[in-house]
Amino acid sequence: MFACRVALFSIEESPKYLISNGRAADAVVVLEVISAQNGTGLTITEADVEDNSPGEASAFHHQYSPLGDSPQPNDTSPRPRPKTSLLDGSVGWKASITRGIHNLTYRVGLLMTPELKVTTLLVWAIWTVVSFAYTSFNVFLPAYLEKRHPEKSDIEETLKEYLFYTIAGCPASLLASWMIETRLGRKNTMVISALGTSLGILAFLKIQSDIGIKISSMLIAVMATIMYAVIYGYTPEVFPSSIRGTGYGIASALSRLSGMVGPLIVGFLMKIWNLQAALWMTVIVFILAALLMCKLPIETRDSNPALSSVDDLEAD
């Protein structure tokens, strides 16, 4: 994977990062490379990417720094970078933390506007429940395989079944990339894969034969990988670019937290009840995820996000 990443794919530096560091010329080059890769061949000048035009406040500052004051219209001198050193008495770490909290509150507030509130909460809930169920199943899969046939204590056979499970998920991302561009779109692909994952776990729960266990575990791997591939793609598509990082970041954080809690609960269920109780819980949670996916109000296939920028939200 590392060799393919280095040899086959080229990722350019972020134009936004380059502009913020005074490297407008480099940003122009990057944008021209990206436009050429997409077949548009745009002609871009440094004036097109300037963050601060003479006599105007920075749009970036307006959107992302609600605590600071915009420069006066006639003030074209560069603004000094605020000091955030621990040794600085005027603007130290407390002010930096306060600024960060206010900035986060501002961005989350934009995600909670009427236009995005339902989408935001559903996306966060989907990330939470999917991670909870998938991690709960995946972490304990070797234990599940051993407990299904306690008379066969051969660790080699267990690892072989786990290898089949792992390999089966490899082509699933390519399958997902095709499915989302069909009439199914993003939402229906997510729903089908979530229900398919729950169906695979149910089959894994009921089937007793060795070949049946292998096939059902491979079905789980394929469906779960498709589901995650679409979730990872849908989330940045559905949020406006200006607050995309906040929406995605919180979703990822919730996913990590639920991924830590899930195995603890499954381990507890296996201890006080049995293997079947833990598996039934993951089946139910994946069905819940499918229901949440059905409620998503925005389908991003062949369409832009509901709003294109923070300015659209602020205008309301």
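Just so it is clear, glycine is given a Cβ too, placed from its N, Cα and C backbone atoms.
Automatic, uncurated: that is what TrEMBL annotation is.
As annotated by TrEMBL, domain 'Major facilitator superfamily (MFS) profile' applies to 1-301. Sequence annotations record features per position, and here TrEMBL assigns region 'Disordered' to 58-88. Among the features that TrEMBL reports, transmembrane segment is placed at 121-141, 162-180, 186-205, 217-235, 277-298.
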Contact count check, CB pairs under 8 angstroms to the transmembrane segment (277-298), set 121-141, 162-180, 186-205, 217-235; argmax is 186-205
Given the transmembrane segment (217-235), its same-chain partners at Cβ distance under 8 Å and 6+ residues beyond its ends are 123, 126-127, 130, 134, 137, 141, 145, 161, 164-166, 168-169, 171-173, 175-177, 179-180, 186-187, 189-190, 193-194, 196-197, 199-201, 203-204, 247-248, 251, 289, 300
Taken over the domain 'Major facilitator superfamily (MFS) profile' (1-301), the predicted model's pLDDT averages 81
